[in-house]
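Structure, as structure tokens:
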Amino acid sequence: MKQLLSAFIILGACVHLSAAKHVDGMIGLKGHLPRQRDIDHFMKNQVQSNNFTTGDALKKIRANRAADIKDSFLHAWKAYRKYAYGSDEINPLTLEPVTTRNGWGATLIDSLDTIHIMGLDEEFKEATDKVREINFDKNDGEPSKVFETNIRYIGGLISAYELSNDKIFLKQATALADIMLEAFDTPTGIPWQMWDVQTGTGSSEAGPSTLNNLAEIGTYQLEFFRLSQLTQDPVYHKAAQRVYDVMLDRNVPKKGATYSVPGLYPIFIDIKSGKFLSGKPNLGGGSDSFYEYLIKTWALSGYQLQRSLDMWKESMKGIKKYIVSKGSDKRMYMGIGDDEGLDSISDTFTCFFPGTLALASRLLNDSDSMDLAHDLLLSSYNTFARMPTHIGPENFGFLPDGDDDSDLLATQRGEIKKYGFYLDRPYYLMRPEVIESIFYFYRITGDEKYADWIWEIWQGIKANCAVEGGFAGLRDVRLGREGGLIGKQESFVFAETFKYLYLAFTEPNVISLDDYVFSTEGHPFKRSFSFNGTF
Ligand code: DMJ
């Protein structure tokens, strides 16, 4: 599928619109290119605050906190290094290596940029040598998720290259992306959900073989854009943009159908027809990073990918109207909804959204969105802050303001009264989303209060999740360690959870939001202000 395409000059007097549409995804939803004066306007909108509190005492506290988090990261890394080096994960309770994602070393690669940012030079050098040995042509023999391969491996390698400039990472990212492009060779160009590297066949995790979901078709645009830029080969960007072409071309919002609100997409899609199937729109698992990548891809491209911005704006209208809902505790929640009504259930995945919305509000200079982002941050943080462990559940429900609570169980009513929400799935898997959103608020406002929130959550994580093999999950965040531990430590613990924890206490110019865009897996990619539409 890989083919060489000559570079196109997109901007300028001799723009060839139809070619641009097919090659670069540069045409906006309504067929327009960004205007230079819009780009100039967005360039002025600084993301990070200029108002961070200074002073020696605070500096010392923050440095101690950063050092504490780094020590714990190192503790987990050393356990992985000792018992499971080069495998995808370590079971933090049994200390056994676990193969979950092709067996190429998901934790090794997902951790690289955090190791670099923390200044762990020896560990970085050793890990680099290990990366050199990986052969992506072979795997453990099991089909694996294309989405996860992209966000953890390709994203991790690109980011390691961004920070270290070591060409091995770009070489390996390209080698792997070339293999994964085969998974986009479908009747529509929308990728398979699962890909078997050995046999070169696609499948779905469950249900009909051509089933995929919104997040897993729409979370390539950032990595593939950056890879195209770095390699000067548009093939990756073109494949990722084609997903948008097809989903927009073949689906028209229609009342009474699964896709009824413009910009709010159902979760499930058939990759063969390119048609949406079912699954009420939401911002949680199965959908989340699709929306996240609209605004981030636009920002990463130096404001050139106008269609992504148009899609984001359209989605925002639907999100504000049908997904965001006031709870009985007067906090604003993110439910599951469309013009047929709202399900008042949410999950911790949705909690990435306040941070992304705050970022968008700074990029677009839109203070109304900042207010909403803050309201949503409060309910997200509350799911952690109200627990005795300072750690929130995987899934939670709320009662829309003014609704009758008679459908709820007595325990749920009791929890709503006590916490403002009830716990639906009470476990915790060291997920980063709440910390991530608070991190954005810290960097955007400069308000030390947010760093303190992160520190409080970190105290809960350290007290409840730290074990010999790293950091385990909790069965019940109400009970903490006493309620039982889960022997699972996903690679995102190293890529995201520890990165956001640490960056809340470094100097704010370390991986500034004005210089980098974080991928959904927490991998920073350099923003390209000079990008002119040409690879
Ligand atoms: C991460 O792998 C990514 O953030 C992904 O988009 C969904 N969430 C997990 C962590 O919870």
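The backbone N, Cα and C atoms fix where each Cβ goes, glycine too.
If you check TrEMBL, you get these features:
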- Glu148: active site, proton donor (ACT_SITE)
- Asp288: active site (ACT_SITE)
- Glu394: active site, proton donor (ACT_SITE)
- Glu433: active site (ACT_SITE)
- Thr520: Ca(2+) binding site (BINDING)
- 1-20: signal peptide (SIGNAL)
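Where TrEMBL records a feature, it is marked here on the structure.
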residue: Glu148; record: active site, proton donor; DSSP class: helix
residue: Asp288; record: active site; DSSP class: helix
residue: Glu394; record: active site, proton donor; DSSP class: coil
residue: Glu433; record: active site; DSSP class: helix
residue: Thr520; record: Ca(2+) binding site; DSSP class: coil
Close-lying recorded positions around ligand 1 among Glu148, Glu394, Thr520, where CB distance stays under 6 Å: Thr520
Residues satisfying Cβ distance under 8 Å from Glu433 (active site), sequence separation of at least 6: Thr348, Phe349, Thr350, Cys351, Phe352, Ser380
From recorded positions Glu148, Glu394, Thr520, the one whose Cα lies nearest Asp288 (active site): Thr520
Distance, Glu394 (active site, proton donor) to Glu148 (active site, proton donor) (CA atoms, angstrom): 19
Alpha-carbon distance [the residue listed as 'Ca(2+) binding site'; Glu394 (active site, proton donor)] in Å: 18
Glu148 (active site, proton donor) CB neighbourhood, other CB atoms within 10 A: 22
Which same-chain residues, if any, lie at least 6 apart from the residue listed as 'Ca(2+) binding site' yet have Cβ under 8 Å of it: Ile151, Gly155, Thr219, Leu222, Asp288, Ser289, Glu292, Tyr293, Phe352
Which listed residue (Asp288, Glu394) has most other Cβ within 10 Å, given these are active-site residues: Asp288
